[in-house]
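J.: Take this structure first; my questions come after.
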Protein chains: 2
Amino acid sequence: MSDAARDLQAQAAKLDGEDELSAKRAEFALDDTVYLDGNSLGALPAHVPERVADVITRQWGSLRIRSWDESGWWTAPERIGDRIAPLVGAAPGQIVVGDSTSVNVFKALVAAVRIARGTGEGHPEGGRDEIVVDATTFPTDGYIAQSAARLTGCRLVPVAPADVPGVLGERTAAVLLNHADYRTGRLHDLPGLTAAVHAAGALAVWDLCHTAGALPVGLDEHGVDLAVGCTYKYLNGGPGAPAYLYVRRELQDRFDSPLPGWNSHAEPFGMRPEFEAADGALRGRVGTPDILSMLALEAALDVWDGVTVDAVRAKSLALTDFFLRCVEAYVPEGLVEPVTPRAHAERGSQVALRCEGAGDVMKRLIEQGVVGDYRAPDVLRFGFTPLYVSFADAERAARVLARTLG
Amino acid sequence: MSDAARDLQAQAAKLDGEDELSAKRAEFALDDTVYLDGNSLGALPAHVPERVADVITRQWGSLRIRSWDESGWWTAPERIGDRIAPLVGAAPGQIVVGDSTSVNVFKALVAAVRIARGTGEGHPEGGRDEIVVDATTFPTDGYIAQSAARLTGCRLVPVAPADVPGVLGERTAAVLLNHADYRTGRLHDLPGLTAAVHAAGALAVWDLCHTAGALPVGLDEHGVDLAVGCTYKYLNGGPGAPAYLYVRRELQDRFDSPLPGWNSHAEPFGMRPEFEAADGALRGRVGTPDILSMLALEAALDVWDGVTVDAVRAKSLALTDFFLRCVEAYVPEGLVEPVTPRAHAERGSQVALRCEGAGDVMKRLIEQGVVGDYRAPDVLRFGFTPLYVSFADAERAARVLARTLG
């Protein structure tokens, strides 16, 4: 073993020893794999199987239809929304869980355009006809934004996040941004961009898929208007677990959903032909909630008991710093190029490395028990979930990477 | 015991003895409850808990991200769609599973309007500007239809199904109908109404929530254009299990979804900024599929092995006939009034009885182990799922009802 390796392994051991979150790892079903793909699919919290078995066998199997009331199925979307709220800096009553991220982006954008057009004397219906969208975003956001624009008579304006302030104006209705770039891991300036959007009289819609559960978001503090996110990455809700929608309290009575299903009715069991929207965040609900997945997510959220997002963020930055240091020490210069920013303020919870033949390299890493993922055309992506990734994992990942490239 | 009761119980025993589906009941987790609410939430197929445990513990817990390929997660929406297809009379490749019924109604109606407007020389964009909707439908369909109309510049025309032919014309873009009325159990004339809609140059969209798995639908045979349905009633997929969308093969290349998420892209992992729709039914997909609920549904569909929908329909009619006979024999005249049609061609798989104080009556029935449900303002609803409801159940339900009202 080289001196560098001996030194870094000692440092990893020391950092793990001082890690206040280290005990959390035992709450997950993990083997000796170095799992750095929690930014794609979070690991299984160990108590989830038993909880889901109870939902299926007792709640569905024995209580059957009674569980809509007796097992709290009916209120799950808002109850679980309130569990997610503190993780994204939201007071209760502003988040509902349900549907996919894509569907929630659609609700949020159409509703945002409607609010922007209806607000204030100076902005008559039709006065604002542009939706600005992050051109570097995960593609689904752009596709859905295009559809929302088409259906509301808007023009889509795709720009890089840094260029957003330059395109804002009195025609801007809504701006859809990703909090972190899914490919590079770059963290965007949510407070600053939100303020710029507001200064132009438009609404800011944020996609939190790559940040919720990994770093503080501060939705209420920064006056974000609407937000969406998935729950299967850093929130460990399970494959395709339902997404969520945040609607800032002050906007809820103007939230006019394009998907006004019976679950968002003021009186869902009144079975009335006329639609009358429920009060509050419930307006974001649509159809019958998907109970098995929703209650698996609810169980998964128990791992957050006693954890602060600030502690998670501190460990995330320490982990990604340390990983970058190990990569520098182990991997010969020129073989990989970090595309994730060094500056903490600009870094999410992943490290992306540009690398020749990245697809093949990732396959070989996975064969050796280091699981990240590959994003076309040339990016190795390593996600760091502070609840279960250790500094020793980071060191091993860099070491295996160096051996694979060497 | 009265002679009537002795006679009806003997008949029930005989009918159960001759029932070719009687062995199916053992495949469900049922106790001695008479469960007549399978038209709201289907009972648990007994093998589902073990299958879901495997999905969670092995597929998610151990294989983690690899399961998207290795456990067939990615292709689940179309694979499970093909499992549902024979139950609704559809050839493979026309159904995808995912999202709620409400969300699928939205996709279907907006896409139908776009197809109707784009078809033929005589129908330029904007030429067809009416969506006709069943005024007696389950409310969510009407709410969503109103939203689809608003976003596509259409007018909503709510009429009773029988009056649909009278309002069709060259302005009609799409017609949304329920195959069976959720309240009365009346079965609507799918072949005749579809033909009438087509004669007017419009598209027919059917909601199959209350018929799929209970009777033959014949989507392909009758040329239905688009259809949606839930999977948690007669398909026993579990609470809030994902819904499905049928797009007739001939229309698939013109199916222009208002929810074009990355899962409906021709190359989902290409991560390209421009949307290019996938071929075929995949266009109905939106975001990341909800795997736990989806694979619970897939497991639940195993109970259909070796069952024909014709056999199910024959038993359903025999059960509802027999139940009505028992009600007539046991319940003093004037206390309940069947609102479900007597004619087989007009009957779904439920019996609705109008009854004073129906809400309280249903509570007392449930206390006595006869579970149906109540629909405001005055309807007792009893659903008959031929896979697990017996003739003895029907007799007992009527007997307990008579005792409760007596």
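From the backbone N, Cα and C atoms, a Cβ is placed for every residue, glycine too.
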J.: From the candidates A:Trp262, A:Trp304, give the one listed by TrEMBL for the same pyridoxal 5'-phosphate site as A:Thr101, A:Ser102, A:Phe138, A:Pro139, A:Thr140, A:Asp141, A:Asp207, A:His210, A:Tyr232, A:Thr288.
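T.: TrEMBL lists A:Thr101, A:Ser102, A:Phe138, A:Pro139, A:Thr140, A:Asp141, A:Asp207, A:His210, A:Tyr232, A:Thr288 binding pyridoxal 5'-phosphate, and from A:Trp262, A:Trp304 it also lists A:Trp262.
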J.: Given the binding-site residues A:Thr101, A:Phe138, A:Thr140, A:Asp207, A:Thr288, which lie close to A:Lys233 (N6-(pyridoxal phosphate)lysine), meaning Cα to Cα within 10 A?
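T.: Among A:Thr101, A:Phe138, A:Thr140, A:Asp207, A:Thr288, not one has a Cα sitting within 10 Å of that of A:Lys233 (N6-(pyridoxal phosphate)lysine).
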J.: For the recorded positions A:Thr101, A:Thr140, A:Asp207, A:Lys233, A:Thr288, which residues show a Cβ-Cβ distance under 8 Å to chain B?
T.: A:Thr101, A:Thr140, A:Thr288
J.: Over all shown protein chains, what is the count of other CB atoms within 10 A of the CB belonging to A:Thr140 (pyridoxal 5'-phosphate binding site)?
T.: 27
J.: Which is it, of A:Thr101, A:Thr288: the one of these binding-site residues whose Cβ has the most other Cβ atoms within 10 Å?
T.: A:Thr101
J.: Other than its own, how many Cβ atoms are within 10 Å of the Cβ belonging to A:Phe138 (pyridoxal 5'-phosphate binding site)?
T.: 20
J.: Once the DSSP letters are reduced so that anything not helix or strand counts as coil, what is A:Thr140 (pyridoxal 5'-phosphate binding site)?
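T.: Going by the DSSP assignment, A:Thr140 (pyridoxal 5'-phosphate binding site) falls within a helical segment, counted as helix.
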J.: Helix, strand or coil: which one is A:Asp207 (pyridoxal 5'-phosphate binding site) in, per DSSP?
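T.: Note: A:Asp207 (pyridoxal 5'-phosphate binding site) is in a strand by DSSP.
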J.: Under a criterion of Cβ-Cβ distance under 8 Å and sequence separation of at least 6, what residues of the same chain contact A:Asp207 (pyridoxal 5'-phosphate binding site)?
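T.: Correct list: A:Thr101, A:Val105, A:Thr137, A:Phe138, A:Asp141, A:Leu176, A:Leu177, A:Asn178, A:His179, A:Ala227, A:Val228, A:Gly229.
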J.: As a test of the contact definition, list every same-chain residue at least 6 positions from A:Tyr232 (pyridoxal 5'-phosphate binding site) whose Cβ is closer than 8 Å to its Cβ.
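T.: Those within reach of A:Tyr232 (pyridoxal 5'-phosphate binding site), by Cβ under 8 Å and sequence separation of 6 or more, are A:Leu41, A:Gly42, A:Gly238, A:Pro239, A:Gly240, A:Ala241.
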J.: Using only the residues recorded as binding pyridoxal 5'-phosphate (A:Thr101, A:Ser102, A:Phe138, A:Pro139, A:Thr140, A:Asp141, A:Asp207, A:His210, A:Tyr232, A:Trp262, A:Thr288), report the maximum Cα-Cα distance in Å, whole number please.
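T.: Farthest Cα pair among residues binding pyridoxal 5'-phosphate: 31 Å.
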